[in-house]
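Copied over from TrEMBL:
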TRANSMEM  26-48  transmembrane segment
DOMAIN    41-290  domain 'G-protein coupled receptors family 1 profile'
TRANSMEM  60-79  transmembrane segment
TRANSMEM  91-110  transmembrane segment
TRANSMEM  140-158  transmembrane segment
TRANSMEM  197-219  transmembrane segment
TRANSMEM  240-261  transmembrane segment
TRANSMEM  273-292  transmembrane segment
Amino acid sequence: MVPENYSQITEFLLLGFSEEQELQPLIFGLFLSMYLITMFGNLLIILAVSSDSHLHKPMYFFLSNLSLVDICFTSTTIPKMLVNIQTQTQVITYGACITQMYFFILFAVLDDFLLTMMAYDRFVAICHPLHYMVIMNPRLCGLLLLVSWIMSVLYSSLQSLMVLRLSFCTVLKIPHFFCEINQMIKLACSDTFLNNLVMYFAIGLLAALPLTGILYSYFKIVSCIRGMSSAQGKYKAFSTCVSHLCVVSLFYCTILGVYLISVSTHSTHSSAIASVMYTVVTPMLNPFIYSLRNKDIKGALKRFCGMAAIKGTTVLGLKNSQ
């Protein structure tokens, strides 16, 4: 069913970070660089995990899925912003805006769920090492991922449908570089009480439950590590959690920082700049955090790059011989 306001509203304007023309090349270059690094780093993680049999474990299964989601998450916002800068326009159509908002929410929630599953995986590995492969079997891992996708799709669909029922005013300028749901609701002329109620309740629920699961997992992990008699065993157990702890801290701290900035300053411009941390910077840093702190990933990347170099040399040699 086509929403009533679709015939009235055809496009929005994404104001981005600055309207000064001399800053646009700098912003374009900066975000293009971060986007390419994000794509390259996460793609390397996916290829390394899929090509190395040593990494066919639950921990790396979730890591490769996190990299895939980060690629999709970043791709929902940055390409459109880069196109707008290149074409010197701020326009995004109504349909494209709703679509962008839908996928942004979908992949953001999936990120949250995947971090929770990775915390549970570390909890089982450290607190129940003898039963790890029995508990974290492929069927459970696949089921956890499927449930996460279903819940993310349902939540994203609910939020998008709630926005579709709104009618919008004549001022359709979004002070952001993408169609952020809260900014869209603020532009609406119709009553937004139900939208705000559903949005904040669902966000609170989806933020509280995964975070509670992560905190509980690490509470049990710390208790288990403290009970170990060997200092080497303690170090080894803790070192397997460092990368995940860094990623979780980066994800939640940046989101909390964006919320505190938006509440304290009431500046949409400051909020847009701060949101770059969890929409762009965090997905860009995740593969580096995992690869620098994990010997298995570093070894797999070296083997993968070595194989790629050998194949490239072989192909080059065959061409030269011809």
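Heads up, the Cβ atoms here are built off N, Cα and C, so glycines get one too.
Whatever TrEMBL says is automated annotation, not expert-curated.
Distant neighbours of the transmembrane segment (60-79): 31, 34-35, 38-39, 42-43, 45-46, 49-50, 100, 103-104, 107-108, 110-111, 114-115, 117-118, 121, 141, 145, 177-178, 279-280, 282-284, 286-287, 290, 296-297; these residues of the same chain sit at least 6 beyond its ends, with a Cβ under 8 Å from one of its Cβ atoms. A Cβ distance under 8 Å defines the sequence-distant neighbours of the transmembrane segment (91-110), meaning residues of its chain 6+ beyond its ends; these are 6, 9-14, 69-70, 72-73, 76-77, 80, 84, 148-149, 151-153, 155-157, 159-160, 163-164, 174, 178-181, 184, 206.
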